[in-house]
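Trainee: Feature list, courtesy of TrEMBL:
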type	residues	note
ACT_SITE	Tyr108	active site, proton donor
ACT_SITE	Lys179	active site, proton acceptor
BINDING	Arg161, Asn416, Asn461	(S)-malate binding site
BINDING	Glu251, Asp252, Asp275	divalent metal cation binding site
DOMAIN	85-266	domain 'Malic enzyme N-terminal'
DOMAIN	276-530	domain 'Malic enzyme NAD-binding'
Amino acid sequence: MLHRNLTCLSVCRRAHTKEKGKPLMLNPRTNKGMAFTLQERQILGIHGLLPPKVETQDTQAMRFQNNLKKMTDPLEKYIYLMGIQERNERLFYRVLMEDIEELMPIVYTPTVGLACTQYGHIFRRPKGLFISIRDRGHVRSILDNWPETNVSAVVVTDGERILGLGDLGVYGMGIPVGKLCLYTACAGIRPEKCLPVVIDVGTDNETLLRDPLYMGLYQQRDRSQAYDDLIDEFMEAVVDKYGQDTLIQFEDFGNHNAFRFMRKYSQKYCTFNDDIQGTASVALAGLLAAQRAIGKPITEHRVLFLGAGEAALGIANLIVMAMMETGMTQAEARKKIWMFDKDGLLVKSRKQKMDANQDAFIHDSPGDVHSFLDAVETIKPTAIIGVSGAGRLFTHNVIKAMGELNERPIIFALSNPTNKAECTAEDAYKLTDGRCLFASGSPFAPVTLSDGRVLTPGQGNNAYIFPGVALAVMLSGVRHISDTVFLEAAKTLVEQLTDQELAEGRLYPPLSNIREVSLQMAVKVVEYVYAKGMAFRYPEPLDKNAFVRATVWDTSYDSLLPDMFDWPGVSFSPRTG
């Protein structure tokens, strides 16, 4: 309670001394709408600028929730929600957190993908920081323009590979904004500590380059040394301004750059790539949950990927780490994993050029394989994982084949947004008579089978991983984030799945519990990084659970009045007599 009071006092003083009058109401960090008290209105110079009614936040939340219920179009809901965020930050997070299961698909996948494609058409107020290739040599001065000085987490994209939608240039800003919304909603990270950034080096999307409403540079994507120099300058400027332990999350970079930057920066900065490591962690958690349901250890599985890009390779490498924990050698573990991309299986005899990042999973040809169905029938996988972003490639025949090969087939259709998923939950369940263990990247509704059973598909959403990991990293002062942190996060996530939820078909806890899931994950990761000597914040907290929970941001309004008090025993009246 003392910590909370001190925090409130600090916020109150800062808000009071910096702003008065209408600017106070125009700032989403300080605006309370009609919840300003009569005393606040008078002292802060806003009396008469609002209707006379003083409302509670409960009433305000009810108004916005009622308005949202009247809307049916997801993009309309997105625009409305982002409007609340632009006007009243605490109210926005209150509304989001109270209905997180319903609203996460609006502020995050899949609707955020649609919002990105329409970004220039629905644009109202800029969010985040825009740094272009023409700003080289001046990145630090651009960071200095950001109004918050105590940033602890940065999410950055260059917009080249937004979800499964491709190169959207600066329209990709919707992704860092959405990710950081979940930092706060899921893990209680203070929004002022979060900075969304888009790096604009052009776009190869010809549709955008012909669109008069496009908001970025009208040029082809710069792939020269100048691009690398700009990213280097950006990383150095962030650390120079905000500190060595500032978390920098890379998001939706093209495959080649994603791996390159992860290798280049992982030992120099506090950084991770959510598309590689976050996706890997949540997918591994799904496999570990399936292991609980089937009773077959992960080392006995054969996994076939549809797609061989950053997501597939990230998941595969983390599966190998999990298998090695049980005593299997790295070489043995890698033999359990196969990949199939647009040019076919990754095999040594293939004529098409393959990426060096894929080398570990290139095998001898198993036979005559021309299609993904051929690969399933030849390799006989126990699990298929789709991360291709190419749509419904888990055909009916593929799903049926998995059902014939396995008593409990594992089918993960992880591509986003929903129309890019490799199959629907309904197809997966109905074509396997409800025997499959299914997870998807975007949400699907529960499926009712012909025998009356209702199965609830698990959503393999990175939001189960990155907010909790980010909170732990920020609190413990980690300088470099090891892949073992994401292995620990995956195991922690599975521990929070109940037997009842598993029986319902879920491979992940309900999204409605994601705040508690994220906090428990943060506690476990904080314990892990201190035990492994990765933490740099001292003294080490004895009670890790209390330490984590004491930091959680509250959506309740603070008083914006100055700290007012009497001096007991002191009189300002002259003595008489």
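Note: Cβ is positioned from N, Cα and C throughout, glycine not excepted.
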Trainee: Can you give me the average pLDDT across the domain 'Malic enzyme N-terminal' (85-266), rounded to a whole number?
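Mentor: Here the predicted model's pLDDT, averaged over the domain 'Malic enzyme N-terminal' (85-266), is 95.
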Trainee: Can you give me the Cα-Cα distance between Arg161 ((S)-malate binding site) and the residue listed as 'active site, proton acceptor' in Å, rounded to a whole number?
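Mentor: A Cα-Cα distance of 15 Å.
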Trainee: Show, in sequence order, which residues other than Glu251, Asp252, Asp275 on the same chain lie with their Cβ within 8 Å of the centre of the Cβ atoms of the divalent metal cation site.
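Mentor: Same chain, not in Glu251, Asp252, Asp275, Cβ within 8 Å: Thr157, Arg161, Ile162, Ile175, Phe250, Phe253, Ala258, Asn273, Asp274.
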Trainee: Quick check for the class: what is the C-alpha distance, in angstrom and rounded, between Asn416 ((S)-malate binding site) and the residue listed as 'active site, proton acceptor'?
Mentor: 15
Trainee: If you measure Glu251 (divalent metal cation binding site) to the residue listed as 'active site, proton acceptor' at Cα, how many Å is it?
Mentor: 9
Trainee: Out of Asp252, Asp275, Asn461, give those binding-site residues positioned within 10 angstroms of the residue listed as 'active site, proton acceptor', comparing C-alpha atoms, in sequence order.
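Mentor: Among Asp252, Asp275, Asn461, not one has a Cα sitting within 10 Å of that of the residue listed as 'active site, proton acceptor'.
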Trainee: Do you know offhand how many angstrom separate Asn461 ((S)-malate binding site) and Tyr108 (active site, proton donor) by C-alpha?
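Mentor: Tyr108 (active site, proton donor) has its Cα 10 Å from the Cα of Asn461 ((S)-malate binding site).
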Trainee: Could you list the residues of the same chain, at least six apart in sequence, whose Cβ is under 8 A from the Cβ of the residue listed as 'active site, proton donor'?
Mentor: Gly178, Lys179, Cys181, Leu182, Asn461, Ala463
Trainee: Tally every other Cβ atom lying within 10 Å of the Cβ atom of the residue listed as 'active site, proton acceptor'.
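Mentor: Cβ-Cβ neighbours of the residue listed as 'active site, proton acceptor' within 10 Å number 27.
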